[in-house]
Amino acid sequence: MSPRSGLLIVLGFTLWRVVMLNFDATDFFVDEAQYWFWSQNLDLGYYSKPPMIAWVIRAMTELSGSNAIYWIRLLGPLIHMAAALVLMKTAKRFVGPEIEGWTGATYITLPGVALSSVFFSTDVILLFFIAIALLAYFGLTQRRSVGLALVMGLGVGLAFLTKYAVLFVVPGGAIALLLIPAARIAVRDVIIAVAVAAVVALPNLWWNLQHDNTTVRHTQDIAHWSELGINLRRGLEFFAAQFGVVGPIIFFAMLWAVYRMIRGRSDDREKMLVWLSMPVVLLITLQATVAKAYANWAVTAYVAGTILAVWLLYLKWPKGLRLSLTINGIASLLFPLATIFPHQLLLPNGDALMKRYLGRAEVSREAAALATQAGTDIIVTDNRDMVADLFYTLRDASYRIYARAPAGLPESYYEQEFALPADITGKVLFLTDGAFTCATETPEVLKNWQPTEGNYKGKTLSIYKVSATCLAP
């Protein structure tokens, strides 16, 4: 495949995704709604993530003049397109022009890329910055350059401001530097890159120190390091899920590259790509085995990993490269259709395939309507999913929205920054999916119901009119 053909495939899939977003019929997922809310309250850090995604969303909403779902999710395909173009140049510089087109076409059709081109996440931005850092790093292995060292440091620093998962690449990269002479760069360039990365990351590190290491503690919490125990099934499930994240043939090729390295059949460049990718998969598989890990936690492996797989397939199994592009390409074309027909695509148990992306805004609108009827403009909830959507869906209304104040440490950004103030008195509307009683009064039940589809299907939701003091921790 020529570079021109690869470029056309990248542009073609991007255009398809941009057009299909116009017909998206799903709600924001809780994380997307939260990222949007962060963008309305700019800071140097947040409860669960560094600040980059909020800054990027704010830039888009300012440029577009809209807070609509379309414009925010549009960032996904556009940034992935940019990452694909950077990877093409990286592959050309590190391997040669023969895989430049294949690298771009393969990356843009990865299942994980297809998914995050529809539902926006931090992974999208993270992959872009890692691609930039990798391009500069490979350049530095060939020549000394202050400019490339600055770019590498900037890429790593901005990746850190996006998601701390960039650090998963460090152990493998360090091993490559120790074992492979061709992987080493000039000491001066290392110092420059590290210094720039540190300066870029410093504002978020300072923010964490000022907020009791909130983001760091949250990262530890979701990793479940306090509940360590060997569970081989979890590890195997995570490992198997990687065949779905990048496609079966691409992940197989990455494993094949490891086998080749162990058998002494790979050259230094192939070894470098292995060390910059597969240790990430190994680390997160270990994390899944002893605690917990989500399928996308190893995503940082698939920047270098894509180049590695494409190169090996190009040399040893060209038919596999074409087959992979066909399989992943078809899946990538079909996936946006699931967001256009979310109510029609059902699983065998009757649930919508897009269940967790449906029914959220409807609950928020119901709460708003009942608040108006009840004569209050204050809506409180103890559910993170609900408060996230309340802020987004009711963004143009005048309701005052709060999370119920926690009894201990906050467990979300909303409890941390937007908990119900103690000085609020009088009646408020309380939305919950759990049982609720008050010691000092009998709450007035405005509505109890069970949604028939979407994220809250099968759950009993309740809306009460109650004194604010009843919601005190």
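Cβ atoms are placed via backbone N, Cα and C, with glycine included.
Checking Swiss-Prot for transmembrane segment across the ranges 31-51, 94-114, 409-429, 430-450 points to 94-114.
Listed by sequence, the residues of this chain that lie at least six past the ends of the transmembrane segment (118-138) yet keep a Cβ under 8 A from its Cβ atoms are 17, 20-21, 24, 29, 31-32, 35, 49, 52-53, 56-57, 72-73, 75-76, 79-80, 82-83, 86-87, 89-90, 93-94, 112, 148-149, 151-152, 154-156, 158-159, 162-163, 165-166, 169, 185, 193, 276, 296, 299-300, 302-304, 335-336, 339, 357.
Scored by C-beta pairs under 8 angstroms, the transmembrane segment (238-258) has its highest count with 271-291, from the stretches 94-114, 190-210, 271-291, 327-347. Note: the stretches the transmembrane segment (6-26) and the transmembrane segment (327-347) are in contact (3+ CB pairs below 8 A, sequence gap of 6 or more).
Most Cβ pairs under 8 Å with the transmembrane segment (295-315) belong to 94-114, among the candidate stretches 94-114, 160-180, 190-210, 327-347. When Cβ distances are compared across the two stretches, the transmembrane segment (327-347) makes no contact with the transmembrane segment (160-180), since fewer than 3 pairs at least 6 residues apart fall below 8 angstroms. Counted over residue pairs 6 or more apart, the CB atoms of the transmembrane segment (190-210) and the transmembrane segment (160-180) come under 8 Å in at least three pairs, which marks the two as touching. Residues 1-7, 9-10, 13-14, 80-81, 83-85, 87-88, 123, 127, 138, 244-247, 250, 269, 296, 299, 302, 306-307, 309-311, 314, 321, 324-325, 328-329, 331-332, 335 of the same chain sit 6 or more residues outside the transmembrane segment (94-114) yet have a Cβ under 8 Å from a Cβ within it.
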